[in-house]
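Enquirer: Let me begin by handing over the structure; questions about it come next.
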């Protein structure tokens, strides 16, 4: 993989990781349209490190408060940050278990273009329904362990390619009564442990490889981190004004394009 390919793929990962449009749907397109080779495990780890760095940097103050609140809750001092930290932990469990139990099956059987096209469209329509019907009756401070578990179960569905982790968690939060901004904020905070687990798992597998292109890795980390940070900032700035409809329309067009690849291949 040359540097131009690395920049392009890292840019795709950085932008699509946090927008509700599915990163896997976009990463499969260069392979199908241009015949590009698979980016490889090392590059996957690199872009995970990049996107993780971006979300940690953006929410650094929140993370410090969440950690302090969590430690405080252990010593018996209750706080909103402590409760939210426990909610994030609980919401992470379903996806972790789902990945351990079904990760290999999904990799072997559900990474086809037809599956990604279907999930891109179906979950895009579900996002539209949730956004149209959301009532904004809850704030993030009202998050409970049960609600977090439901959102976590939704996040587990994102193991299926094309679903979009941010898309399905925002959808679930909207359906449960949260506003767009709070739904997106919780989704992004929830991404931190799940990206850490996923990147850590791939990192362990990477130890078995001997041929690693460090230039590609550097490009992957840097480009994905910068693009992801910018994406998070503008998404949170404009989501209450523009809503989810632009992303729904985009998903429908993308799904149609993927179906066209299947039908005319």
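Each Cβ is built from the backbone N, Cα and C atoms, and glycine gets one as well.
Feature list, courtesy of Swiss-Prot:
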| type | residues | note |
| --- | --- | --- |
| TRANSMEM | 1-21 | transmembrane segment |
| TRANSMEM | 39-59 | transmembrane segment |
| TRANSMEM | 86-106 | transmembrane segment |
| TRANSMEM | 112-132 | transmembrane segment |
| TRANSMEM | 140-160 | transmembrane segment |
| TRANSMEM | 186-206 | transmembrane segment |
| TRANSMEM | 219-239 | transmembrane segment |
| TRANSMEM | 244-264 | transmembrane segment |
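Walk me through the surroundings of each of these features.
Expert: Proximity of distant same-chain residues to the transmembrane segment (1-21), defined by a Cβ-Cβ separation under 8 Å and at least 6 residues beyond the stretch ends, is recorded for 27, 30, 36-37, 39-40, 43, 46-47, 50-51, 54-55, 127, 164-167, 170-171, 188, 191, 195, 213, 215-216, 219-228, 231-232, 235, 244, 247, 250-251, 254.
For the transmembrane segment (86-106), same-chain residues at least 6 beyond its ends with a Cβ under 8 Å from one of its own Cβ atoms are 66, 70, 73, 143-145, 147-149, 151-153, 155-156, 158-161, 186, 189-190, 192-194, 197-198, 201.
Counting residues 6+ beyond its ends, the transmembrane segment (112-132) has Cβ neighbours under 8 Å at 20, 22, 24-25, 28, 32, 157, 160-164, 167-168, 170-172, 174-175, 180, 243-245, 247-248, 251-252, 254-256, 258-259, 261-262 in the same chain.
Beyond the transmembrane segment (140-160), the same-chain residues lying 6 or more positions past its ends with a Cβ under 8 Å from any Cβ of the stretch are 80, 83-84, 86-88, 90-95, 97-99, 102-103, 106, 110, 115, 119, 123, 167-169, 171-173, 176, 178, 182, 185-186, 190, 194.
Counting only same-chain residues 6+ beyond the ends of the transmembrane segment (186-206), those with a CB under 8 A from a CB of the stretch are 17-18, 41-42, 44-45, 48-49, 51-52, 55-56, 58-59, 62-63, 66, 84, 88-89, 91-92, 95-96, 99, 140, 143, 151-152, 155, 165-166, 169-170, 173, 178, 212, 232, 236.
Remote same-chain partners of the transmembrane segment (219-239), defined as residues 6 or more beyond its termini with a Cβ less than 8 Å from a stretch Cβ, comprise 3, 6-7, 9-11, 13-15, 17-19, 43, 46-47, 49-51, 53-55, 57-58, 180-181, 184-185, 188.
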